[in-house]
Ligand SMILES: Cc1c2[nH]c(c1CCC(=O)O)Cc1[nH]c(c(CCC(=O)O)c1C)Cc1[nH]c(c(CCC(=O)O)c1C)Cc1[nH]c(c(C)c1CCC(=O)O)C2
């Protein structure tokens, strides 16, 4: 396998020196791009896009054609795993994801099985290999999955929720039942990420979008413990290269030291914590990824530049930082403002890196 032309992102995740701070954006392929909306009309719906490797490749490459990003992320969704478990994922316009067969009864929960990623999620692996070919070693490809707890939120609620009443009721009333779901999910996510690594993903990220809704104790028991199990079961090397792993808990700012201790290479930060403070909490144990408030991109290029510099300044000199938004880019973002962020990171970050010469 030939050499990556731009491996800045992978080096930063491994806390090796780089000339500038690499940058990508969570949800970088998506509805804020008019070309994505055009691609979406070629499929019946969003899942039709995910399940068609040609279209998934097209969508993955769109943000890279516009912005000089330092990494690509597989176009897919965290909910492909519960879909492969037979829960019947669908998206109704304006309402987000839903499941036809949410987990309402104990029998359904006891019958859950870990899907074979190379059979039931073959379309994801096909997309990964096709995207790798199309990227032609320009930048690395990130594979991903949801955390066991975040997946359980959707599987039990059956849809997005603002209060997670069902899953939290289960957590306190039938903890052993939730633990069963989480254990199946952790095994499914491990197998899914390892299959993505074998298909060509050069780094992986676990999205724990709802772990931050838990209490301190419940987060450790019901979310972090299962992410630790996954991290421990990942293939950390493929084709002679290290495959770094990023763990992102939205709202996880209070738990950074425990997250850093599970063996991941990097922690994704949302925008609520000061990145310099995060650095002093975790020391040089892990790299950090983040953490501009996505709402900054609703402003203008000058303000964006100022806000980017604040994050870089707080992070300080040295290696181990991947610039990103603190959560996914909003569908209402002007693409020009995303461009301004990427340019600002590349230009302003050079002064924070020690030159190798
Ligand atoms: C919770 C979650 C989901 N999916 C994901 C998460 C974790 C990250 C987070 O917290 O945002 C992760 C995800 N979803 C998508 C990606 C693709 C890669 C990328 O560009 O980052 C990734 C990494 C595509 C997508 N996933 C989805 C879209 C929009 C679908 C469309 O075209 O209408 C995209 C581009 C749909 C989706 N999928 C999900 C929701 C809640 C929705 C609706 C979101 C909304 O309406 O804003 C579940």
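One-based numbering along the chain as shown.
Even glycines carry a Cβ here, placed using N, Cα and C.
Copied over from TrEMBL, here are the features:
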- 27, 28, 29, 30, 31, 77, 154, 209, 327: substrate binding site (BINDING)
- 22-31: domain 'Uroporphyrinogen decarboxylase (URO-D)' (DOMAIN)
- 142-158: domain 'Uroporphyrinogen decarboxylase (URO-D)' (DOMAIN)
- 77: site 'Transition state stabilizer' (SITE)
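Sorting the recorded positions 27, 29, 31, 77 by the number of other Cβ atoms within 10 Å puts 29 first. For ligand 1, the recorded positions lying close by, meaning a CB under 6 A from one of its atoms, are 27, 29, 77; the full candidate list was 27, 29, 77, 154. In this structure, the C-alpha atom of residue 154 (substrate binding site) lies 13 angstrom from that of residue 77 (site 'Transition state stabilizer'). Long-range neighbours of the domain 'Uroporphyrinogen decarboxylase (URO-D)' (142-158) within the same chain, counting only residues 6 or more positions beyond its ends whose Cβ lies under 8 Å from a Cβ of the stretch, are 24, 71-74, 76, 78-79, 81-82, 85, 87, 97-99, 102-104, 128, 164-167, 170, 178, 181-183, 185-186, 189, 192-193, 196-197, 199, 201-211, 213-214, 222-223, 226-227, 230, 246, 249. Across the domain 'Uroporphyrinogen decarboxylase (URO-D)' (142-158), DSSP classifies residues as 10 helix, 5 strand, 2 coil.
Here the CA atom of residue 77 (site 'Transition state stabilizer') lies 15 Å from the CA atom of residue 327 (substrate binding site). Within the domain 'Uroporphyrinogen decarboxylase (URO-D)' (22-31), the DSSP-based counts of helix, strand and coil residues read 0 helix, 1 strand, 9 coil. In this structure, residue 77 (site 'Transition state stabilizer') belongs to neither helix nor strand by DSSP; it is coil. Each residue contributes its Cα atom, and for residue 31 (substrate binding site) and residue 77 (site 'Transition state stabilizer') those atoms are 14 Å apart.
All protein chains included, residue 154 (substrate binding site) registers 26 other Cβ atoms within 10 Å of its own Cβ. Other Cβ atoms within 10 Å of the Cβ of residue 327 (substrate binding site) number 22 in total over all chains. Within the model, the domain 'Uroporphyrinogen decarboxylase (URO-D)' (142-158) shows a mean pLDDT value of 98, rounded to a whole number.
Taken over all pairs of the listed substrate-binding residues (27, 28, 29, 30, 31, 77, 154, 209, 327), the Cα spread reaches a maximum of 23 Å, rounded to the nearest whole number.
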